[in-house]
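Notes to accompany the following structure.
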Amino acid sequence: MTVTLCSPTEDDWPGMFLLAAASFTDFIGPESATAWRTLVPTDGAVVVRDGAGPGSEVVGMALYMDLRLTVPGEVVLPTAGLSFVAVAPTHRRRGLLRAMCAELHRRIADSGYPVAALHASEGGIYGRFGYGPATTLHELTVDRRFARFHADAPGGGLGGSSVRLVRPTEHRGEFEAIYERWRQQVPGGLLRPQVLWDELLAECKATPGGDRESFALLHPDGYALYRVDRTDLKLARVSELRAVTADAHCALWRALIGLDSMERISIITHPQDPLPHLLTDTRLARTTWRQDGLWLRIMNVPAALEARGYAHEVGEFSTVLEVSDGGRFALKIGDGRARCTPTDAAAEIEMDRDVLGSLYLGAHRASTLAAANRLRTKDSQLLRRLDAAFASDVPVQTAFEF
């Protein structure tokens, strides 16, 4: 039969939900997925149908949501967030994924988004489509039985704690306000729409035969959501910790370490989390898992590079950048800003589009990518300047999966 790629109609969504249930082990169900649809622009979804008319089947799908991403310099960019990407097992190796990505990228570019983003189910798929890993997920597991805070750690006095133990559903307003402060200052932060707050708090409830109830620790400048692991009753998993200040971060961890009925506390955080250095024995905060988080595709190279901020200390410099399938540009960086214009001059630095995506938020260094020959230049001084310019003074973090 003939396959066709088009925008879905309302009649396609039951077939899309079936494909989602068969493809995603964490599929949240039609009811929650329907709520997420409010974030999808009118032309933000595509399906591939096998056949025509009432008997046709959805054998491929992909969509993007309208998101807002914080980048270095506390700049917030419109971002197309790809999700719900699947191909039926009966139609593998036929170019359906490539065709869907190409069509969505065309629509995203036409809509003026400077960047697109996604969370990858597998690490080897999306580089070929121009996406590079731009944040890192870093799990720390602390043996709280032996953890002691350093004398210099904030909040070590004898005064009362500034943290309260609360039920998450009763303090949504405080969580939303703290998260909004956090996401506006952290590269990788994403605006969280109301439907996603609804889902987050719904997930805090206990489920029969499944997850246990979540609890919250609330500080004026931060919060932590945690629950006991479903099978290991001595392990508490922190599902989200957002702190606007260093004092709030430490205060929340003092409270988490105070969970006397637990042996271990785990959290998926970022590589620069200061937690190990709050403890007298840094080894007690062990790295137990590490993986790429948010992936970025630079849709409009000049717009994206001119939007973000750069380190002031690096001084002013100019170069010619060539991005495979993206163009060649004269790039001038100075006083914390960039000017990027098309040029025919000889390139001084070359990279693929996915590499630029990895560099963009500042989580990965140009020199590291050059050592892997993913970024190419003969000018070692230029490489050092790129390292310094693209670095973020605020650690890059991952907001939430979508």
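The backbone N, Cα and C atoms fix where each Cβ goes, and this holds for glycine too.
Bear in mind that the values here come from a model prediction, so they are computed numbers and not experimental data.
According to TrEMBL:
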type	residues	note
DOMAIN	3-154	domain 'N-acetyltransferase'
BINDING	Val85, Ala86, Val87, Arg93, Arg94, Gly95, Leu96, Leu97, Arg98, Ser121, Glu122	acetyl-CoA binding site
ACT_SITE	Tyr126	active site, proton donor
ACT_SITE	Phe402	active site, proton acceptor
Problem - Per DSSP, three-state class assigned to Arg94 (acetyl-CoA binding site) - result: coil
Exercise for the section: Would you give the longest CA-CA distance, in whole angstrom, between residues of Val85, Ala86, Val87, Arg93, Arg94, Gly95, Leu96, Leu97, Arg98, Ser121, Glu122, the set recorded as binding acetyl-CoA? Expected result: 19
Exercise for the section: Look at each of the recorded positions, Arg94, Arg98, Phe402, and point out the one with the fewest other Cβ atoms around it within 10 Å. Expected result: Arg98
Exercise for the section: Count the other Cβ atoms sitting within 10 Å of the Cβ of Val87 (acetyl-CoA binding site), across every protein chain shown. Expected result: 20
Completion exercise
Rounded to a whole number of Å, the separation of the Cα atoms of Arg98 (acetyl-CoA binding site) and Phe402 (active site, proton acceptor) comes to 20
Handout entry: Cβ-based isolation winner (fewest other Cβ atoms within 10 Å) among the binding-site residues Val85, Leu96, Glu122
Key = Glu122
